[in-house]
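Peer 1: Take a look at what TrEMBL says about it:
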type     : residues  : note
TRANSMEM : B:6-31    : transmembrane segment
TRANSMEM : B:43-62   : transmembrane segment
TRANSMEM : B:68-87   : transmembrane segment
TRANSMEM : B:99-120  : transmembrane segment
TRANSMEM : B:126-145 : transmembrane segment
TRANSMEM : B:152-173 : transmembrane segment
TRANSMEM : B:193-214 : transmembrane segment
TRANSMEM : B:226-250 : transmembrane segment
TRANSMEM : B:270-289 : transmembrane segment
Amino acid sequence: MEYLYTIIILVGLYVVLASSFNLVIGYAGLISIAHPVFYAIGAYGSALLARDFGWPAPLAMLAGALLAVAASILLALPSLRVSGDYLLIASIGFQLGLLEIIKNVSWTGGAGGLTNIPAAFAPSTPHWVYAVIVVVVAALSVLAVRAVAHGAYGRAMSALRDDELAFSMLGRNAVAMKVGSFALGCGLAGFAGALYAHQFRYLAPDQFEILQSSAILTMVVVGGLRTTWGPVVGAVMLQALPQAITFMNLPPSLLGPLQGLLFTGLVLVFMFIRPQGLIPAADVWTGAKEAHDVGRR
Amino acid sequence: MLSADIIAQILWTSLATSSYAVLFALAFALVLKVNRVFNFAQAAMMTVSFYAAHATVALAGLPSWLGFLAALAGSLAIALLIEVLGFRTLRRRRAAQMFVFIFTLIISELVAYIAMLVFGTWPATIFPSLFWPVTLVGGIAVSAWDLPAVGAMLLAVAALFGFLRFARMGQFMVAVSDNPDLAELYGIAKERVFLFAMVISALLVALAMFLYGTRAQVQPTTSIELMLFAIAATIIGGIGNLWGAAITALLLGVVQNASVLFIPSEWQGFLLYVFLFLAIVFFPNGIRLPQRSRRLTRKTPTPTLDASPTSDPQKV
Amino acid sequence: MSAVVEIRGLEKRFGGIVVADGIDLTLTAGRVLGLIGPNGAGKTSLFNLISGVVRPDAGSVRLDGRPLDGMKMHQRARLGLSRTWQNLRLFPSLSVLDNLMVAPRRYAGESLLRLAFFPGVVRQAEAESRRKALQILERTGLADVANKPAGGLTFGQQKLVGVARALMNDARCLLLDEPMAGVEGQAYQTIQNVVRDLAASGVAVCVVEHNVAFIRDLCDEGVFMFAGRVLARGAVADLIADPRLTELYFGT
Ligand SMILES: Nc1ncnc2c1ncn2[C@@H]1O[C@H](COP(=O)(O)OP(=O)(O)OP(=O)(O)O)[C@@H](O)[C@H]1O
Ligand SMILES: [Mg+2]
């Protein structure tokens, strides 16, 4: 039972990660691989605030998410000012650079990891409570991304992806819109990180490496870019698949690379054989009222 | 503490280590200039060429020149695969820029994971020892690695320069990079030019990686960091400016080596990310040097009232 | 009659090509100005300079007395500058109606904070903009295709959508770049009527067009551009009649 809750929590967190990454890379069309690092910022931020400054867990979690928002704006503003291409390069540098810092300073626990993170609830609380909370957060994230993508904001994001010049000439602020959607996506990832930290109570920098980036990217690309349910399907499927490999009792030195191979290989296969993913997106943007049939065609 | 000897030593070491850095930067900048692709798959070419040499020399015990050939072959094979199966398909489909980015990056990661599975994650080398005999030349320690490495780099750079300047294919490359559509009009086959740029980039990468692997340990993830250095140099050097990228790689090498004096060693690696950020924030379009009149600028006379503009009478 | 757009000493060159060579021009409220000149004269470039797509080397542009220099495109649009594009630039993944609905001068749904905290305000603004978009589509004869993807229309219809989209701004100044190219039939009269109504309501309009009949019918005044310079200004009929200009135009 315990194991089942853990799986539910992990799947739920990946649903949040994949949906929010879909907002960034799919709807906003911003290429970043640093999504796991915002997950890390939320996790470390919340964990340290709760552990070393005694903040209550819910407050620390919110602060962790806001920290991720702030960091994402810091990353996006200078790189997006120039052109979208630079965001990807900046994101690679940001991810590797920040992990380098986490590994090298003592107050994050260094490469050995951060331990003794306070739990969110007293030990007497039944374990299913946290699983329910995570599932609710996951559902809310999916709905929030969907609402944003199929509302007035989503219409504008769609236009921006089509033609940035024409978009700007209509009086829309393209940079603000890109930074805004990036910050929202990264904030959700940060919140997921905070939820992770107070449940598993241990964080290590390798959990947020590029392997994670490929995992999340795979979930979105395989599930279906720019669809509500694609990333959810991708997250559930790809979280279950590596679990199956875990059962094969491989040594960890093989397990990581094998998972990585699986993720990257799947992205390649889908990219060339079924670029639209399992759930293809509609060609034309639809507003909220018509949104229920998006992705089912 | 900052004696002339130390400065001279730092400059020499920087020059020596820049041998591979310059080549990585040139390889990256060339593909960016000609194919207009941020080729993050360069890291895959680097990883494959290193492990090909490692397998040949360190594991199979074959002579080092065979190792070098293996590095060349590995790098070329990957480059051709990427171009023929990847880039061509994506171009044909007019895939969004995002897919090209994802593709190149994923290839590099895929190759890194394969390398981890086959060779493990621990550091490896080409030769059993990384130690090279050192001679003192006027107070500067010069290792037996330095001179051949710098020599090889200079030769490669000269060959590239000569190729772009004098060979027909090289001139085509410059033409395509200046204006792909115009080049098409003149019957320059773009596909072949793109392929050729990848081939040259692969050769440069193989040489550079062989040099690197004879001097330092390599892990499957090393290539990505080496590539980031090349990217920083390419951006600061001014996108589309090959020699700017090469010189920037050299200068960044000097800064990195000199930083030993000021920064604790565990933070050395971090400097790379600082470069990358400075490049993106402050020099997104490269450092602007005073404009020299460029050789390739088309000279168009300022239109005057007497000029005869072409127009389509149908439209009136 | 007040000047809406004042252009003074505008200069721009691309390498050796001079696209603006000291242009002085005033667009007046309620008047339609026709801009004619051969291909490559710098007409589109002038629009690009006014709207902020391209930065000038020298000179200034004012809108209602406010200097626009250094402003970004979206800032200029928010001050009431609207334009169409020679090569359409619609949003193909949006329906015709949605193409118009991203175009109002103020777009409430642009801010995530407003969406989160004042969803009512956004909903109301959306309803308002929808009403207005439908009205414009009705007026431009596009009501039937309102829900079709913009990319799937005929070229002429797409051209009309471009004009209709530019109307959403309630602009002080409207720049139309070859609205008639590739358009035929019914649309001729539609565009004429729409532009006239607009001018009557006090908007300053500038039209680039190679269709001289269209310009003559529509414009109060014409300007002849050549090689980045304004060579003549006057009644369109006079400009067309001038043999020197005709010669420059056809390059005989
Ligand atoms: N961004 C640019 N870079 C370089 N040259 C440019 C640029 N924009 C325009 N030009 C050149 O400036 C000249 C004027 O172009 P412009 O588009 O303004 O002409 P036009 O009067 O609109 O012609 P047409 O009637 O064909 O639309 C052309 O020779 C064009 O090639
Ligand atoms: Mg034009």
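Glycine is no exception: its Cβ is also placed from the backbone N, Cα and C atoms.
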Peer 1: Do the transmembrane segment (B:68-87) and the transmembrane segment (B:193-214) come close, with at least three CB pairs under 8 A (pairs 6 or more apart in sequence)?
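Peer 2: Yes, the transmembrane segment (B:68-87) contacts the transmembrane segment (B:193-214).
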Peer 1: As a test: from B:43-62, B:193-214, B:226-250, B:270-289, pick the stretch that has the greatest number of Cβ pairs under 8 Å with the transmembrane segment (B:6-31).
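Peer 2: Selected stretch: B:226-250, with the most Cβ pairs under 8 Å.
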Peer 1: Ranking B:43-62, B:99-120, B:152-173, B:193-214, B:270-289 by Cβ pairs under 8 Å to the transmembrane segment (B:226-250), which is first?
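Peer 2: Result: B:270-289.
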Peer 1: Under an 8 Å Cβ to Cβ limit, what residues of the same chain, 6 or more beyond the ends of the transmembrane segment (B:193-214), are close to it?
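Peer 2: Residues 19-21, 23-24, 26-28, 30-31, 34-35, 39, 42, 45-46, 49-50, 53-54, 67-68, 71-72, 74-76, 78-80, 82-84, 87, 125-127, 130, 145, 149, 152-153, 156, 160, 163, 169, 172-173, 176, 183, 223, 226 contact the transmembrane segment (B:193-214) from elsewhere in the chain.
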Peer 1: Which sequence-distant residues neighbour the transmembrane segment (B:99-120)? Criterion: at least 6 residues beyond either end, Cβ under 8 Å.
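Peer 2: Distant Cβ neighbours of the transmembrane segment (B:99-120) are 37-44, 47-48, 51, 54-55, 78, 82, 86-87, 90, 220-221, 223-224, 227.
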